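Q: Got a structure here, written out as structure tokens. Questions coming.
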Amino acid sequence: MRYAHEVGKVRAAEQALMARLPEGALMQRAAAGLASTCARLLPRVYGARVVLLVGGGDNGGDALYAGARLARRGAVVEAVLAGSKVHGPGLEALRSAGGRVLDGSGQNAERAVETADLVIDGLTGIGGTGALREPHASLARCTEYAEGVVVACDVPSGVDAGSGRVDGVAVRADVTVTFGTYKPGLLIDPGAAHCGVVELVDIGLGADLPDPDVVAPWAEDLRVPRPAPESDKYRRGVVGIVAGGERYTGAAMLCVGGAVRGGAGMVRFASSPHPVELVRQRWPEAVATVIEPAPDAPAKVGRVQAWVVGPGLGTDRKAETLVEAVLRTDLPVLVDADGLTVLARRRDLLRRDAPTVLTPHAGELARLLGPGTTRELIEARRLEHVRRAAAELSATVLLKGSTTLVAEEDRPVRVNPTGTSWLATAGTGDVLSGLAGALLAAGMPAIDAATAAAYLHGLAARLAAAGPPGPDGPDLGRQAPISALDVVTALPEAFRTLG
Ligand SMILES: NC(=O)C1=CN([C@@H]2O[C@H](COP(=O)(O)OP(=O)(O)OC[C@H]3O[C@@H](n4cnc5c(N)ncnc54)[C@H](OP(=O)(O)O)[C@@H]3O)[C@@H](O)[C@H]2O)[C@@H](O)CC1
Ligand SMILES: Nc1ncnc2c1ncn2[C@@H]1O[C@H](COP(=O)(O)OP(=O)(O)O)[C@@H](O)[C@H]1O
Ligand SMILES: [K+]
């Protein structure tokens, strides 16, 4: 896992460590890490033109000390000072190493940024709050036109380190060198999209850091169940899917596809006659049953270990009866799509003992959380809202979108590291709910099933978008449009990459 800590915890750990170290030692560790990454990014340090964007806090201090180290190795280092304050000892170190200060206003600074071989962004770090003020905002904006490499010190300036929120302008870095631990805003969009490659520099905070607030899993953290020699289809897990209606049949097909290719021992599909007929034709592996919208509907489907309810179900009274019937069982239930719209007016159905997983996109979550919450607000502050949803709805909440988050009360929020913008196409969410349902039925705890499903789904989409692999494997840098069915088809390959 990659671990991220909120800003207050980073500061507390830094204080504790600093109390045991000589003054300035921590900053020197940070600056050394930053300078060594910059040196690696330059073809040659000697003679390279480096511009530092320096804010008035310690983030600017880091940049100045790193600049001094590069200047001592022969780089031509110029600092643009933003605002009235500056880290005095850092500036002194830069000057002593031969670096110089540029006039920070207007075209002079802009031209220097645009033509430098490397720009270090030290405007704001974990101390940045709200939208960047001037001249910081203009300096951040001109990094967009930089011909050289842009390296953010700790956090791209303009990104809120704690949440990933961006109000106004923020630096778009090629590389972000962060110190001690990841910050949530480096992993969550829109902030994550500003970071480029994130490098973590160990400054010795480890022992002083408490449990993380946010984690991002690696493939080896997922622990997806594998069939053993003694496995049979029932032990592998039977997932029941209540989805689709006379009008919306595609959602049902895609959800069943996600479950079949997601490793379910068996998929039991239950719906009205038309989708049942279509599923029988397209997915003969599934056992499809026609059900009436009645409280005893789940019992008529046969034994399952977990349910998925909602995709393409509609939101009328009949749909509500089915959502209610499924949630009244004592099994794990995943509610998606139309099922979530029903839940928004029937939050009482969430009072249950068995695990409940909700998989909303931002619009659906806004409906679930009620008046005062909008899709835009949720997209801008994803972490805060997914946490709030998990607490208020007493459920495991998987919030979809450009960064998918999974939250359960009193646990670190999981950030999904896979995915591609090509996933933003109709029907891919239905594939995800079927896949997550299969993993729930296999017995995975709700938060792990949701995390693994998001990971595999995002990876399958990347593999599908990259097309057939070349001699060196899939070229994830060259992607093309995909359909939701392409994601279903690529799921086995995604499982294979887990080893
Ligand atoms: N603690 C440690 O031991 C270690 C810390 N380390 C480093 O210190 C960094 C944290 O330093 P920090 O606390 O000084 O805050 P920092 O990120 O420089 O920001 C404050 C400055 O930004 C300004 N500013 C704020 N918002 C703004 C806005 N919207 N628009 C414009 N300006 C804005 C604010 O101005 P003010 O509001 O005070 O006028 C003030 O000048 C951390 O990220 C890491 O790099 C490492 O060396 C490891 C050891
Ligand atoms: N900009 C984006 N970047 C990456 N993934 C995205 C983006 N937008 C949406 N997604 C993903 O695409 C899927 C869309 O799901 P959903 O909104 O439920 O669509 P549908 O209801 O049509 O199936 C989700 O897995 C979501 O995380
Ligand atoms: K910065």
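Every residue gets a Cβ built from N, Cα and C, even glycine.
Just so you know, TrEMBL annotations never went through curation; they're auto-generated.
Quantities reported herein were computed from a predicted structural model and do not represent experimental measurements.
OK, TrEMBL features for this one:
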| type | residues | note |
| --- | --- | --- |
| BINDING | 58-62, 125-131, Asp154, Ala251, Gly312, His361, Asp430 | (6S)-NADPHX binding site |
| BINDING | Asn59, Asp121, Ser157 | K(+) binding site |
| BINDING | Lys400, Gly401, Ser402, Thr403, Thr404, Gly429 | AMP binding site |
| DOMAIN | 10-211 | domain 'YjeF N-terminal' |
| DOMAIN | 216-498 | domain 'YjeF C-terminal' |
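Distances, neighbours, how buried they are, the whole picture for these features please.
A: Counting Cβ atoms from all protein chains shown, Ile126 ((6S)-NADPHX binding site) has 24 others lying within 10 Å of its own Cβ.
Around the Cβ of Asp121 (K(+) binding site), the same chain contributes Leu53, Ala63, Ala140, Thr143, Val150, Val151, Ala152, Cys153, Pro156, Ser157, Val171, Ala173, each under 8 angstroms and 6 or more positions distant in sequence.
According to DSSP, Lys400 (AMP binding site) is assigned to coil rather than to any helix or strand. For Lys400 (AMP binding site), the same-chain residues 6+ apart in sequence whose C-beta sits under 8 angstroms from its C-beta are Thr359, Pro360, His361, Ala362, Gly429, Leu432.
On the 0 to 100 pLDDT scale, the domain 'YjeF C-terminal' (216-498) averages 95 in this prediction.
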Q: Pick out which of the binding-site residues Asp58, Asp154 has the most other Cβ atoms within 10 Å of its own Cβ.
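A: Ranked by Cβ atoms within 10 Å, first place goes to Asp154.
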Q: Quick one: of Gly61, His361, Thr404, which of the binding-site residues has the smallest count of other CB atoms within 10 A?
A: His361
Q: Please identify which of Gly401, Gly429 has the densest Cβ environment, defined as other Cβ atoms within 10 Å, among these binding-site residues.
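A: Selected residue: Gly429.
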Q: Test of understanding: give the count of other CB atoms lying within 10 angstroms of the CB of Asn59 (K(+) binding site).
A: 27
Q: Looking only at C-alpha atoms, tell me how far Asp58 ((6S)-NADPHX binding site) is from Ser402 (AMP binding site), rounded to the nearest Å.
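A: Distance between the two Cα atoms comes out at 31 Å.
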Q: Filter the candidate list Asn59, Gly61, Thr129, Lys400 of binding-site residues, keeping only entries whose CB is under 6 Å from an atom of ligand 2.
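A: Among the binding-site residues listed, those whose Cβ sits under 6 Å from ligand 2 are Lys400.
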